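Just below is one structure, and these are the notes that go with it.
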Ligand code: G3H
Ligand code: ZN
């Protein structure tokens, strides 16, 4: 089965494919252990691509049986390059642009990428959810969190029709990164805003392509579960992986302060990562 069919099948089964961003090669085996054979998409942002090298990331992904996504690609040329490099999927992101420009650029990217690699799965983004997978002390500026600002079913249907995307990632109360409760964000409990499950259901009913949820970090388990049941077929997670990787590394280095062999202290780091990915996969319906 190709990636698009796998995503559609997951949606029909009320499950979601886990999409995990990597910034370091040692994350691959940890994710593979957690996934234990379930389909997984590995995402590399433009920054992560520059660090890892797209070709190496692709070889690694292939060797573990993962699909590879060129995540948040911001130029048409970048989309063409990612398709030529053999990515299975490309997220084209012009969500910070006004709607007509987002449509125009996304359509151009879809045409260019599909010409370069037949069958590449193209995703478009609708509604700005912030740019960075970081932990924020202040609420990120300009992100869409009020239901009245979220893409409407009509807008989403138009976007899909006019761009030709295979997948749609709408703003439904999700934001990139994790917001500290002290930042006084969008929900009464602080931290990340609440998802609009109602809007997810409305969008699901209005469009025929699978829906993707970005900004999977910082969303409570019940929110993620409800989103998947409402019609989300893929969930992106990055910040929580980065946080666990770094925190576990700091802890491991402190516990083995004289140790210089990564083979001695990295297993603890990768176990922590594996545990997190396994927990998310279970929430998404794969256990
Ligand atoms: O594309 C990447 C994701 O949307 C990650 O979002 O950093 O909030 O988990 P996150
Ligand atoms: Zn994202």
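These residue numbers are counts, starting from 1, taken along the chain as shown.
Every residue, even glycine, has its Cβ placed from backbone N, Cα and C.
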Record-annotated Zn(2+) 1 site (TrEMBL): member among 176, 256 besides 72, 214: 176
Annotated binding-site residues 93, 125, 214, filtered by Cβ under 6 Å to ligand 2: 214
Neighbourhood of ligand 1 - binding-site residues from 93, 125, 176, 214 with Cβ under 6 Å: 176, 214
Least surrounded among the binding-site residues, given as 176, 214, when other CB atoms within 10 Å are counted: 176
Residues satisfying Cβ distance under 8 Å from residue 71 (active site, proton donor), sequence separation of at least 6: 19, 21, 43, 44, 45, 48, 91, 236
Alpha-carbon distance [residue 93 (Zn(2+) 2 binding site); residue 72 (Zn(2+) 1 binding site)] in Å: 5
Chain-internal residues, separated by at least six, CB under 8 A from residue 125 (Zn(2+) 2 binding site): 91, 92, 93, 94, 95, 102, 169, 214
